[in-house]
Every structure is written in C-alpha cells, then in structure tokens.
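What TrEMBL records for this protein:
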DOMAIN    91-514  domain 'Major facilitator superfamily (MFS) profile'
TRANSMEM  127-148  transmembrane segment
TRANSMEM  160-178  transmembrane segment
TRANSMEM  184-205  transmembrane segment
TRANSMEM  217-237  transmembrane segment
TRANSMEM  249-268  transmembrane segment
TRANSMEM  328-351  transmembrane segment
TRANSMEM  363-384  transmembrane segment
TRANSMEM  393-414  transmembrane segment
TRANSMEM  426-448  transmembrane segment
TRANSMEM  460-483  transmembrane segment
TRANSMEM  489-511  transmembrane segment
Amino acid sequence: MAIQSAALLSPLFPRFAHSLPSRLEVCTLWSRRRKGLPDYRTRPAKELRLVRSSEDRRQNLDENIGSGEEIKIPVRQELDWDLGWLPALPHVLTASMANFLFGYHIGVMNGPIEVIAKELGFDGSPFLEGLVVSIFIVGAFIGCTSSSSLSEKLGCRRTLQINAVPLIIGALLSAQAHSLDEMLWGRFIVGLGIGVNTALVPIYISEVSPTRYRGSFGSLCQIGTCLGIIAALSLALPSESDPNWWRSLFLIASGPGLLLMLGMQFAAESPRWLCKVGRLADAESVICNLWGETDVENSMKEIMYVTGNIDDSKATWLDLLVEPHRKVAFIGGSLFILQQLSGINGVLYFSSLTFSDVGVTSGSLASLYVGITNFTGALIALYLMDKQGRKKLLVGSYLGMAFSMFIVALAIVSPGEVDLSHTLSVIGSLTYIFSFALGAGPVTGLLIPELSSAQMRSKIMAFSFSIHWICNFLVGLFFLVLVEKFGVAPVYGAFGAVSICSAIFATYFVVETKGRTLEEIEVSLASDVPSKGS
C-alpha cells in the first residue's frame, strides 16, 4: 500500500512530521498562485472526485436517454485507454539513448576487429586485439566510480548531457585513428562515458517514472542496449567486403551522442534531486507535468518526508557499511556478480562458433540472430515487469538460464547424432539469451536504484556497477583459459549451477518493489533496521 501522507509516517520521525505540512503548503500554494492554479486544499480528494465525476456522467447519461438525444462517448473513454505513461515517455526514451550507445559500442568491434588490426598494424597479436576491446571496460570502471559525485552536484539530467561529450569525442577519435594508440584512446574515452551512463540512466528513469510504470520504463534500458547491438551488427555487415567501412561505423556512433546531448536539454530533472537541493517549486512542476496534477500533493509530501530526514552531513563511501545501505549494497553487488558468473559473456562469445556448426558461417549474422533474440525477450520483460513483479521475473529468468545451460552441456557430451547435438546447442544458447533478457538483464539494473535510499542511491549504483565491470573483465580474461583446461561442457555446466544459485539468492534476498513508491520502499527498509538505542 502506497504512503498517502506524512501523517502516516509521523510515528517514525515525530520531529519532522509536524514541520512538513507547513513547509510543503508554503511551497505548493506559492507555486500554484504564481501559475494561476487553484488551491489544492479546496479540491476534493482524488477518490471523491472520481465518484462525483462518475455520478455526473451517469446523471447526464440518464438525461440524454430521457430526452432522446444521441449519446456520444469519447473514443478514449470508450476504449478505456490508460495514457498515464505518455507524459514521462519522451524523457525516458531520451535517457535510454545512452543505453543504445552502450549496446552500439559493444557490438561495433564484433565484426571489423580483424580488419582494424590489419590496418593499424597489430594483426596477429591476440593480446593487442583483446586490449582494444578490454580498454573500453577499464574506462567504464573509472567512469562508473566518478558518476556519484557528478550526479550529486549537477543532477542526473545535466550529468548525462555533459557526459555525451566523451561519447562523441571518443567515437570521432576512433573513426580517424591511424595508429594503435589513437584507437586505444578513443575506446578508453568512450568507456568513460559509458561507465557514467550505465550507473545514472537507471537512477534517472526510476526517479522520473510514475510508480505504476516504473518497471516497464526501467526495461527500456535493456531494450536500448539490445537495439544498439542490433544496429551495430547490422551496419557492420558491409565491413566484410569493404575494408574501410569500420571508420564509418565509429563515425555513425557520434550521431546518437549528439542527439543525447540535445535531448537532455529538454528533458525533465529528477523531482527527488530537485527536492534534495531545495528547488521545491521546480520539483512540484515536474511531478505535475509527468505524473499528473492529482499526484502532486501526496508525492511532494512523501519526497519531502524522506529528503527532510536526510542527515545534513555529506554521505560518504563508508556509509555503505551502515544499515540499511549495507544490505542494499550487498544485494546489488551480489546480483551483478551472479549475473556475470552465470556466463552471459561466455555464451555470447561462443555464439558465432555454435551457429557455424549448423551452417551460419558469418559471425556478424550469427551475432545478429542473438541480438534479435535478446531484444524479443526484453520486449516481453517490458510488458511483464509491472504485472508479475521483479522477483518472479528474476527467479524465473535464472531457472530458464540454468535449464538452457544444462541442455547445451548435455548436447556437447552426448554421443548421439552430430547434427542433433548442434541443433540442441543452438536452441539452448538462444533459450539462454532469451531467459537472460526476461529478468537477469533488465531487473538487476532496475532493482538496485529502487531499493537504494535517496541519500545513497548514486553511491550504491556506482558501487554495484563497479562490481559489474570488474566481473565482466575477469570473466572475459579467464573464460577461454577455463575452456581450454576443462572443456566447453563443464564450463557451461558450471554456468548452469551458478544460475541455480542465483535463483535461490533472489528468492531469499530480493525485495519486491512492484507498485511501491521509492519513498515507501526506503521507509520500509529503514524500519527493519533496529535503532541504536534498542
């Protein structure tokens, strides 16, 4: 049940409860009078207004029937359309452009890496080829750790806008690279921007989205990444015949970066951040425009209740060791460790080899099939996120991933027909990726900002994604070593076992956040922590 007013929460924080209404009313009334809006204190409650409006419609309907007039029902009312998501959608889509760039820069090196190595003079060196790819992860780790301080000072909107600069510069530098050093610098600079974006976009989307659509909007992060990968792989197909096409691929990447910079200029700032820095009238305006005028009063009370009780001292990284932040940081870090150790990067790496066994010899085409499967799963997750809840999707996703990994491992070691084994390997790999896209992919990034407190949200996200990038790097570094030592089947079997452990972890540690405001979640987690005096 959502928090309806500060009065319901006053037993927890009596010092703040009596001062909140006066603070809020001064801000709200001043802002409404300035904009010529009516005093919200004189409006009937939302439920009463709905009852009265339905009674009025029924009375008018009876009058029209009695007079024999033609009854005209608006199309929206007749079809019962719910368009409450529409005002926030353009802002969320603009922020999701950052995830599109993330996916694009993941896929852009998949096809033309050998051509690039030959032209820049490092072909025949697996280490240098791996360095060109992995330097991106190093930059992302550094950018991720710096995202917290930037967003706390500038806000997510302005940070995402400024952060488009390294994305554009890095892409242009890579496009005109004539040496290994220039390519490395270009990839590193792009990685810096991607690291900041991956941590801040989920925060921004969770804070500007209406509660009932927050899960679906959060899934757009995964969808944006999938579309970026598909776009990069599709555009990379001509690189097999044109040795200079790879420069165009990097040049194209600067376009979405420019759109992100321009789009965030018109996007709304997070109302939570606006309240935290004292811009209450601006926060009220954002809530009114994105969530609806009927949500302004209660939403402002909830946000002000939480932000008003934030300790005046600046939050530090050591606060991650204090409850309830420690619990959320533990959940966030653990989810990303389990996500990476469940083998998503290894499966993606071997997907081209798996498809070649069944006749798909083009690595880019095989990766494109994988990207389309990933995108399909993400679309279904968008539909289910606010209906089934995060926890169910996460548990079901990991169980599906485990089942798929065991199928692939069994197909590899079984002595049966070779064509059947190859077909099962392809089916198992695609099922694994589809299952990943249903939960393990989108839910992990969405759940962490929902569980985090307003004071520590950016730091917990930076910490969690730092763990993600470290594990991503380590899995990529040791995956082939493990395959050479133990074989593909045992490694895939281990991925399946980790997926089962992930499902068990999600069952016992993950808190369901569907349909609850961020403030309600924060207060409920804080209430579970015993006070120092108890």
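Using N, Cα and C of the backbone, Cβ positions are placed for all residues, glycine too.
Where the annotation comes from TrEMBL, it is an automatic prediction and has not been curated.
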**Item:** Cβ-Cβ under 8 Å with the transmembrane segment (249-268): same-chain residues at least 6 beyond its ends
**Value:** 90-91, 94-95, 97-98, 100-101, 104-105, 108, 112, 157-158, 160-161, 164-165, 167-168, 171-172, 174-175, 186, 190, 193, 208, 232, 235-236, 239, 286, 289-290
**Prompt:** Hey, would you say the transmembrane segment (217-237) packs against the transmembrane segment (184-205), going by three or more CB pairs under 8 A that are 6+ residues apart?
**Reply:** yes
**Contact check, the transmembrane segment (363-384) vs the transmembrane segment (127-148), 3+ Cβ pairs under 8 Å, seq sep 6+** = no
